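In what follows, a single structure is set out as structure tokens and then discussed.
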Amino acid sequence: MSVDAATVRRIAHLARIAVSDDEVPHLQGELNAMLAFVEQLSEVNVDGVDPMTSVTPMEMKKRQDVVNDGEIADDIVANAPATEGHFFLVPKVVE
Amino acid sequence: MTDLTSLTLAEARKGLADKTFTSLELTDAHLSAMEAARALNAFVLETPDQARAMAREADGKIAKGDAGPLAGIPLGIKDLFATEGIRTTACSKILGDFKPPYESTVTKQLWRDGAVLLGKLNNDEFAMGSSNETSCFGPVVNPWRREGSNTTLVPGGSSGGSASAVAALLCMGATATDTGGSIRQPAAFTATVGIKPTYGRCSRWGIVAFASSLDQAGPIARSVRDCAMLLRSMAGHDPKDTTSVDIAVPNYEAAIGKSVKGMRIGIPREYRLDGMPAEIEKLWEAGAAWLKAAGAELVEVSLPHTKYALPAYYIVAPAEASSNLARYDGVRYGLREQGRNIIEMYENSRAEGFGAEVKRRVMIGTYVLSAGYYDAYYLRAQKVRTLIKKDFEDCFAKGVDAILTPATPSAAFGIGEKGGADPVEMYLNDIFTVTVNMAGLPGIAVPAGKDAQGLPLGLQLIGRPFDEETLFSLGEVIEQAAGRFTPVRWW
């Protein structure tokens with residue numbers, strides 16, 4: 001399988017990465033090189049094989065249903081590019 | 001005082017205990033070495049004030065007889081580990097000036113045991129790379145050069161800063177991480193020792209995530225024993241990482257010097273690649289001969305799905321990365337670029353903040369997880385991963401204790417030499433190491449010799465799950481037989 005220019009733009013949008021028109025051919029070539037490389041997986045017989053979900057067999061651990069952290073709003077907003085009090089500021093999303 | 005930097009960690013521990021020198025002297029010697037080696041670009045942040053404060057504290061504890069196992073030992077920390085109040089960037093522009101308000105579990109345990117932080121080490125951006133050329137701080141230079149040449153070589157990646165700093169005697173050991181070979185390949189390129197422990201051995205909490213089902217932390221140091229000492233402090237159960245395993249951490253150092261007599265060492269025929277350089281083949285045979293001389297038994301084994309590990313990795317790892325890196329949105333931390341609306345703000349921030357390799361992998365990951373392609377790519381790759389793991393299980397079930405392979409298909413290459421138009425050329429570096437991540441197994445790279453141009457080459461040993469001890473015992477045999485290798489100082 002290979003991707004065309006329109007697909008490259010669609011993937012970039014899904015990944016929320018802005019790409020300019022002159023970047024598209026370059027990205028298309030690189031993505032197609034990767035897709036050509038992974039193509040060899042189609043020759044493996046995977047009938048009846050379960051997909052891996054956990055590389056180390058283990059029972060999922062459950063945490064105690066208790067509050068053990070919190071009251072650190074100052075820390076949480078400390079690295080944000082734009083804040084007001086304990087809120088993150090973003091461009092307007094609701095008209 | 002510069003000769004203090006040439007001690008191994010074990011030797012330094014003895015010197016500190018015997019009061020031959022103080023941690024402050026040892027730390028200052030390393031800070032001077034770092035300053036003189038800035039041409040290597042191994043450190044992206046030096047923390048001399050912090051280092052001296054921690055060294056003084058260690059000296060106080062040593063004087064009181066209250067010293068932890070790593071008291072006063074100066075270390076470098078890969079910039080993927082969150083360090084409280086100290087800039088942590090994963091060597092990506094998108095994290096900007098991020099100062100974590102928390103400490104990663106692995107580094108917290110190192111400080112608990114008395115180690116000293118010298119600074120943060122360079123790596124490929126988000127650990128995505130095999131040459132340390134994708135870092136937003138620029139490439140790291142390998143302290144090794146080809147004989148009679150001034151060409152600058154890569155130290156490997158993604159833990160290139162860790163490997164370069166340890167090889168150049170800028171720190172006694174370093175933390176590193178390994179998703180597809182990022183500890184073992186740079187160790188092999190710089191004649192250092194690096195171990196990726198079993199998945200689940202070290203907590204991933206506070207380590208910038210790349211591909212969560214493959215990422216593991218481990219040490220890079222100058223001897224097998226030094227790695228054993230560091231891993232003992234780094235490993236252990238952590239309730240904050242649900243994939244961290246709740247089993248006791250052995251005293252790995254006790255495995256050093258233990259007899260390997262009667263151990264069965266698998267030599268996998270699928271690792272004998274077409275066009276493999278003769279000197280790699282020779283090194284591999286030498287390694288087998290050393291283990292045999294120490295009493296181990298060599299057996300040919302088969303890992304039939306080996307060739308599919310790298311392509312499966314380049315579906316699984318980017319898929320997980322695309323999901324993990326969704327958090328970089330210009331809202332909660334890091335870089336923000338303005339846009340006319342929130343979507344444009346996300347898109348512009350990520351376009352400006354991510355480098356080319358990261359964008360490529362996030363996009364491939366997005367594609368293989370997108371509607372209509374999930375089954376064909378991602379699900380198939382996860383099934384292939386099951387088969388890769390089964391290959392190893394079958395091998396171990398036949399009584400094989402460990403598997404010996406080359407660590408890399410070549411020695412270090414020049415900066416700018418690989419991965420121009422076709423990213424796959426660079427990816428092939430990890431062909432011998434990536435299988436181990438796919439199966440979650442432990443793997444150690446040990447220096448074993450040099451190529452015709454005088455560059456170091458390494459061997460890899462792969463072990464059963466949670467049997468790092470056997471790797472230390474066998475690694476020690478190789479180290480004793482091959483000797484240790486130090487680059488000639490030119491910087």
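Note that Cβ sites are derived from N, Cα and C of the backbone, with glycine treated the same way.
Per TrEMBL, domain 'Amidase' is recorded for B:25-471. As annotated by TrEMBL, active site, charge relay system applies to B:Lys78, B:Ser158. Sequence annotations record features per position, and here TrEMBL assigns active site, acyl-ester intermediate to B:Ser182.
With respect to their backbone Cα atoms, B:Lys78 (active site, charge relay system) and B:Ser158 (active site, charge relay system) stand 10 Å from each other. DSSP assigns the residue listed as 'active site, acyl-ester intermediate' to coil in the three-state reduction, placing it in neither a helix nor a strand. Of all the active-site residues listed (B:Ser158, B:Ser182), B:Ser158 has the fewest other CB atoms within 10 A of its CB. There are 32 other Cβ atoms within 10 Å of the Cβ belonging to B:Lys78 (active site, charge relay system). Looking at the domain 'Amidase' (B:25-471) alone, the prediction's average pLDDT is 97. A straight line from the CA of B:Ser158 (active site, charge relay system) to the CA of the residue listed as 'active site, acyl-ester intermediate' spans 5 Å. DSSP assigns B:Lys78 (active site, charge relay system) to a strand.
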